[in-house]
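K.L.:
I am attaching a structure below and will ask some questions about it afterwards.
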Amino acid sequence: MALPEANMSSTRSEQSSRSHDTIVGNEQPHSEKPAASAPGDQMSSDDEDEGPQTEEMIRRHSIVRDLARNYTNTSHHFTGSSADLFNAADANSPLNPSSENFNARAWARAMAKTMGENGSGFRQSGLCFQDMNVFGYGAETDYQKDVGNVWLGLPDMVHQMISPNANKRRIDILRGFDGVINAGEMCVVLGPPGSGCSTFLKSISGETNGIYIDDSTYFNYNGIPAEEMHKSHAGETIYTAEVDIHFPMLSVGDTLTFAARARCPQNLPPGIDHNLYSEHMRDVVMAMYGISHTINTQVGDNYIRGVSGGERKRVTIAEATLSNAPFQCWDNSTRGLDSANAIEFCKTLRLQSELFGQTCAVSIYQAPQTAYDLFDKALVIYEGRQIFFGPADEAKAYFINLGFECPDRQTTPDFLTSMTAPSERVVRPGWENKVPRTPDEFHARWKESQQYQIVRAEIESYKSLYPLNGSSADAFRENKHSAQAKGQRLKSPFTLSYMQQVQLCLWRGFRRLLGSPGVTIFQLIANTAVAFIASSLFYNMKPETGDFFKRGATLFLAVLSNAFASALEILTQYSQRPIVEKQARYAFYHPSAEAFASILVDMPYKITNSILFNVTLYFMTNLNRDAGAFFFFLLVSFIMVLAMSGVFRSIASLSRTLSQAMVPASLLILALVIFAGFVVPVDYMLGWCRWINYLDPVAYGFESLMVNEFSGRNFTCTAFVPNAQIPGYADVGGLNRACSTVGAIPGQSYVNGDAYINLEYKYFHAHKWRNVGILIAMTIFNHVVYIVATEFISAKKSKGEVLVFRRSNMPSKAKSDPEASSSRPIPTTEKNNNEVANIQGSTSVFHWNDVCYDIKIKGEPRRILDHVDGWVKPGTLTALMGVSGAGKTTLLDCLADRISMGVITGEMLVDGKIRDSSFQRRTGYVQQQDLHLETSTVREALTFSALLRQPASTPREEKIAYVDEVIKLLDMQEYADAVVGVLGEGLNVEQRKRLTIGVELAAKPPLLLFVDEPTSGLDSQTSWAILDLLEKLSKAGQSILCTIHQPSAMLFQRFDRLLFLAKGGRTIYFGDIGKNSETLTNYFVKHGSQECPNGENPAEWMLEVIGAAPGSHTDIDWHQTWRDSSEYQAVQTELQRLKAEGSANSVDQKSDPESYREFAAPFGQQLLIATKRVFEQYWRTPSYIYSKAALCIQVGLFLGLVFLNAPLSLRGLQNQMFAIFQMLTVFGQLVQMQMPHFVTQRSLYEVRERPSKTYSWKVFMLSQIIAEIPWNTLMSVFLFVCIYYPVGFNKNAEFAGQTAERGGLMWLLIWQFLIFTCTFAHAAIAITDTAEAGGNLANVVFMMSLFFCGVLAAPDKMPGFWIWMYRVSPFTYLVSAILSTGIANAEVKCAANELTTFNPTNGTTCGEYMDSYIKAAGGYLTNPDATSDCKFCTIKSTNVYLKALSASYDDRWRNFGIGMVYIVVNIVGALFLYWLIRMPKNKNKKKTA
């Protein structure tokens, strides 16, 4: 689909005139080491300072001519026009990205020539940095906050607000960095996690949020100062993080089209428009990264199905590539890619550097040698110290000259990284006392070296060639300005104009809607259904006074439904915030442009929804049947939607975290509802809070709709006093009776609508259009606040990486303590390996034969695994390898019995016997994702696994002692009591991986250990440490099967056996690897492959042999070759032997029943341990507990103060009823707070603990429910105290002499409400995947229950069809019990405006006239002795009011009992629904053994 264009048709003459003087290529001359073949490098080295303008112009013209000539020379293969390049129709053309013959290098040369000839070449920028020091501020306290100790941080918080950095100490991150990266060069940044690689890349690219750069630091970007480059040219230096953040519902093609269009230069070659250019660039980049086939596939994320993880990573890379930034920083961007794709990524960067002069700084973990060889320079960082910077091909020699030795088959990047690991670096004989040991010593040696002096000389040369703000800076600015849209400021970092940005974001917004139309359609259907249900409750109201309350309730419901239809936009804003901020850093668009576009994108939905909902409600309820009134109703309703949308969007944009937004939003919603004027009319609002009504947009909308409905109409009276139906009053008429409705005039049989709303609500016709104007002003103001706040307020950033401890387990010295972190000498003794002696070993052999796995994908059967054979024996370490998509993890899941769908066939045996129900518990499965409970400590996580998964017969003390053994084995002593936390504030990546392995080891798996991708995303040093650990375990007798992603040669050599899979899950090889991989390589050579060259990585060589590496090809069917080989026959023979031996030695399960139980621990112990952990999670999440407490206290106090000392008048009784009604509305907020914590625990349980048979699903559900009860009990006390006494319910009880019982029962009922809420939340979330979906489901049921509980419409006023809903609604019984307990057995005192006025018959007093009536119908007179103007109150006792609502004080305990039954139903329902929806039933799973 073509991208939209706006104001993009600037003429070619305008573009030409503006870009006539633009420098097309790299205008800088050579430094001492020239950039690698960048276009335009062949230039004079006479870079003069700014001189006369004419001389400068002549010089620039000369440069342009030279560069054009240079481009022609380097692009001689392409002689066509620009149209030939962008419209290459030849399917075999190497310039056509859709062609199988597409050649990236040929295209790049042609592109450079085309753009150069038209004076619109590529900007280039190098970097010189000198004396670079980067630091941050770290808090002295790094203990875990919990409910008990969170208050201890308050003094520090106050102090920090006064002086932000006063209570923090400076932590140096990088110290003393110097270097030059010339334009067109590539620099690889090496170092272990935490060494400062990311900080370095962020600093040089301007991503300095949370870190600070010393004032003494010198930056020079080809003459551009750092401040200007990072602000005015932000999109020219970009930082690409390792995380993949995209709109999941957007297709890959649309994602990349957007990126290409956002940075599309305006000065394009003749005949090429912006859409053609953008789509062509998108296709080229997708072809370069091998993702052309995903163009119409959704990107997806962890929850939404889309492209694979590796493809999503390449989408991230492609998006950054399309930014066309001349200076690019890539932070571990190859994470998740195998070595072949990592190499292709680096080759593409090399191509860009050579032909476009782009400069790249790249940090790579486990960099293949081939990738490293593509770089010009290397930077090695050791704990924040620069220990080498210079030519990449000289780095290895530098460290060898320092006295270190590079082992055979170790790659150069691994060798360089090993310099930062004392346990890995190898010292040459005779150099033991000469080599540096600590980071400071390495840094000092670097500063003393000859290489450093060369760097210093290069820096000085660079400074003289590119003086700050010199001619090269001017040329850069001109080139950039020529690419910008017409009218853009030079200092603006954006290519497109603001309106073009809005238009582009608008296009993307509609593409996102098209990507997930189901959500929008479902919302429209759901809202229309709610409209039908609500309308049926007030169906076909008559123009009579008896429906006044229903008519007001209908309009109130309409106002609230329209006003709060946009409440969930808060969640939407936070979900897309990281994406918007990332793309703003790329200078794609202003955040406010996306905000403005999002408002417009939502308009069609808002308009459609508003029409469907309001038309349904208006006509079904029989509101004012006047055309003008109807369209006014639609207008006000729609403006209400927009006004409140602006409010919710503003709240989201003004707060940095979702938790910051939710509590204010909850209170705001409550305040807007109460002060709208229906629940509490204006006259009844207390003075301290009257101002809220003036700021409430809902109030203005409600008043306008009430005036629209009632003004200018007369309503027939349906209730007179005295009533003609009472004997003796049948003939009463005229002035001797009056309508009992507010606004009635004695003698009239109708009530004027204006009089009613004037007296009851203080609403006036003159305010009708005034309020519309106020609403429009509020709408504009709210949206302006939203747009401005979006531009300037960013989301909260993570802190620096720091360990967090329980306060009682804090280490004696803080991490930042200089003494604690002082350098220590390298230990000279080898580590004792005897610690593995106590680790559980395996004695069983696990073997499988002819394993196949078939599954239906989009209705089509697909085979994922195809006749896979193999075994794992005790004491062996077996590698499972294969290309991406070969089914490695799938095979692991099949073998570990973790597949719940599809069809699995084949034999999977343990010592010749079929796997039983205990198999999962008796094996360990180390997953690729490191899933742990954030609030637990390392020791607690290990102990939890040990207590529940080790046999019940093992004493508890022995299990705890075994946990200590595991901690020692994994070298986790230093952080054994640290909290898991989240990345950045807790364990780092390596520590999490060790914990993941430790949790499985703590279970003492007696059979074997499955390990999935243990080194994925880790640096080579950490990967080596993880393999060290696995090797220790195998030597201790463990059987280990491990999938691994293209290991280095040295890592690969550490495995004993290999199972190698090709695409489609077909076996290529299974057998020994052999010394120096000779057994493996000999097999392939024997069957027709080339010899493995010396020094080549066998893991990479295998991929090339089978034709799986990019650019490789083979004519040999290696799967069939394996099936025909003698090695395969030997495997089959061994499998038959294992099966036969196992069957002969089989042991009856009855002899050792405990070993074969599904769960190791009994049910009671499971429940105790699991519940304790949930309690700990809640205690250590003070934000949840205090947010819940704040909500209950603030809502309770707010209601208590708003309805303070509510009188026992008719309106006072209604206010007390609404106080109870509004209290129930905290249901939604409590549910939204609770569900995310449940989802966190459930994710951990379902992904790791349930498949491992740690504890049963019944225990999981019950532990979650039990842990909520004490906290909700505490909250009920807060809510009770804050509402019961301020509102005055206690005074009603005192009047009746029932203080103790009614006070106690009121607390019990409030407690019951909160327990009902939490148990219902568990039932709702049990069947949904996300907290948002669960919250929506719960709110739908809550709204239905609230509608039909008898408050908005009494049961006798409901349509007969809905009586069943009244009876099944749990709130029917709750409201009845609470209201009757609160107000029963008290006398009513009508307010003056509630009294009905009429005259008695001639010659009688009011008392004599009404005596018979009062005896029959109730009520009382305030002036019984008067002979005129009788003042009559229709209700004397609160029990009469209760009866009208079908409530009775006598039913209070019955209703309480019914409420308890609902709670039991919730609990049983939660358990049943979880079992029904989320527990695997294995219906489709078939196995043959």
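Placement of Cβ uses the backbone N, Cα and C atoms for every residue, glycine included.
Swiss-Prot lists these features:
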REGION    1-55  region 'Disordered'
CARBOHYD  ASN7  N-linked glycosylation site
CARBOHYD  ASN70  N-linked glycosylation site
CARBOHYD  ASN73  N-linked glycosylation site
CARBOHYD  ASN118  N-linked glycosylation site
CARBOHYD  ASN332  N-linked glycosylation site
CARBOHYD  ASN469  N-linked glycosylation site
CARBOHYD  ASN714  N-linked glycosylation site
REGION    811-834  region 'Disordered'
COMPBIAS  819-834  compositional bias 'Polar residues'
DOMAIN    846-1088  domain 'ABC transporter 2'
BINDING   GLY882, VAL883, SER884, GLY885, ALA886, GLY887, LYS888, THR889  ATP binding site
CARBOHYD  ASN1402  N-linked glycosylation site
K.L.:
Across all protein chains in the structure, which of the glycosylation sites ASN469, ASN1402 has the highest Cβ count within 10 Å?
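P.N.:
Per the Cβ count, the most surrounded site is ASN469.
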K.L.:
What's the CA to CA span in angstrom from ASN118 (N-linked glycosylation site) over to ASN469 (N-linked glycosylation site)?
P.N.:
26
K.L.:
Show which residues of the chain containing GLY885 (ATP binding site), separated from it by at least 6 in sequence, have their CB under 8 Å from its CB.
P.N.:
SER308, LYS1063
K.L.:
Which residues of the same chain, at least 6 positions away in sequence, have a Cβ lying under 8 Å from the Cβ of LYS888 (ATP binding site)?
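P.N.:
Correct list: LEU880, MET881, GLY882, ASP1012, THR1043, LEU1061.
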K.L.:
Can you grab the distance from ALA886 (ATP binding site) over to ASN1402 (N-linked glycosylation site)? Cα atoms, rounded to a whole Å.
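P.N.:
A Cα-Cα distance of 102 Å.
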K.L.:
Quick check: which same-chain residues outside GLY882, VAL883, SER884, GLY885, ALA886, GLY887, LYS888, THR889 lie with their CB within 8 A of the centre of the ATP site CB atoms?
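P.N.:
Residues close to the ATP site, other than GLY882, VAL883, SER884, GLY885, ALA886, GLY887, LYS888, THR889: THR890, LEU1061, LYS1063, GLY1065.
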K.L.:
Specify the nearest of the recorded positions ASN469, ASN714, GLY887 to ASN332 (N-linked glycosylation site), where nearness means the distance between Cα atoms.
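P.N.:
For ASN332 (N-linked glycosylation site), the closest Cα among ASN469, ASN714, GLY887 is found at GLY887.
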K.L.:
Could you state the CA-to-CA distance between ASN469 (N-linked glycosylation site) and VAL883 (ATP binding site) to the nearest Å?
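P.N.:
ASN469 (N-linked glycosylation site) to VAL883 (ATP binding site), Cα-Cα distance: 51 Å.
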K.L.:
Please work out the mean pLDDT for the residues of the domain 'ABC transporter 2' (846-1088).
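P.N.:
Mean pLDDT for the domain 'ABC transporter 2' (846-1088): 88.
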K.L.:
Taking the Cβ of THR889 (ATP binding site) as reference, which residues of that chain separated by at least 6 in sequence fall under 8 Å from it?
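P.N.:
Within the chain, THR889 (ATP binding site) has Cβ neighbours under 8 Å at GLN928, ASP1012, GLU1013, THR1043.
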K.L.:
In whole Å, note down how far the CA of SER884 (ATP binding site) lies from the CA of ASN714 (N-linked glycosylation site).
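P.N.:
Here the two Cα atoms are 77 Å apart.
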K.L.:
Which number gives the other C-beta atoms within 10 angstroms of the C-beta of GLY887 (ATP binding site), all protein chains shown included?
P.N.:
24
K.L.:
Just to confirm: which same-chain residues, 6+ apart in sequence, have a Cβ under 8 Å from the Cβ of VAL883 (ATP binding site)?
P.N.:
ASP338, LEU1061, ALA1062, LYS1063, LEU1103, ALA1108
K.L.:
If you measure SER884 (ATP binding site) to ASN1402 (N-linked glycosylation site) at Cα, how many Å is it?
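P.N.:
Here the two Cα atoms lie 101 Å apart.
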K.L.:
Taking the Cβ of each of the recorded positions and counting other Cβ atoms inside 10 Å, which one has the highest number: ASN332, ASN714, SER884?
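P.N.:
The largest 10 Å Cβ neighbour count belongs to ASN332.
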